[in-house]
Amino acid sequence: MSPEPALSPALQLLLWHSALWTVQEATPLGPASSLPQSFLLKCLEQVRKIQGDGAALQEKLCATYKLCHPEELVLLGHSLGIPWAPLSSCPSQALQLAGCLSQLHSGLFLYQGLLQALEGISPELGPTLDTLQLDVADFATTIWQQMEELGMAPALQPTQGAMPAFASAFQRRAGGVLVASHLQSFLEVSYRVLRHLAQP
């Protein structure tokens, strides 16, 4: 009996994210809100753009540095202190709109800081990282402006906490794999919530 062909790194990444998505998909959502349709559609478009940016970064890290498996770097991620952004107020039985928008903004703000910490990752990846940073910042601004319009924004914008310190080029590249992976998981949940809210 011939051995099964090995999965490509890109397919392995896709399957890994699909497994995460299956768990998240099982969580029910609360009733839709009265957020402006134009805001929701803009957000959905921005999520898809950032997902494309993140996938491009992951593909280049895999192709150039053979860093293709985020799950193999989890322990390193813990030691480096790379956090996850929660969305506990979003995919729940009773969706809390103010809390969800706040967590969306806080999560995007966190990923802005993490992406900034990756600066200098490599000349080849610099432009891709810059594009990803700009698009995450734009999405965070979109969320913040809507919070202001709804009177949900706090008086002051959040300040960035301590970011991981990467002591070597390898740590920075491995950090890039993990940050991109965490961001993709965050965006999958965000997209599902926004799509639900956009339904009539």
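In case you wondered, yes, glycine gets a Cβ from its N, Cα and C as well.
Per TrEMBL, the cysteine from Cys43, Cys68 that shares a disulfide bond with Cys62 is Cys68. Within 10 Å of the C-beta of Cys68 (disulfide bond) there are 17 other C-beta atoms, taking all protein chains into account. In this structure the alpha carbons, written CA, of Cys62 (disulfide bond) and Cys100 (disulfide bond) are 33 Å apart.
Calculated from their C-alpha atoms, the gap between Cys100 (disulfide bond) and Cys68 (disulfide bond) amounts to 31 Å.
In this structure the alpha carbons, written CA, of Cys68 (disulfide bond) and Cys90 (disulfide bond) are 30 Å apart.
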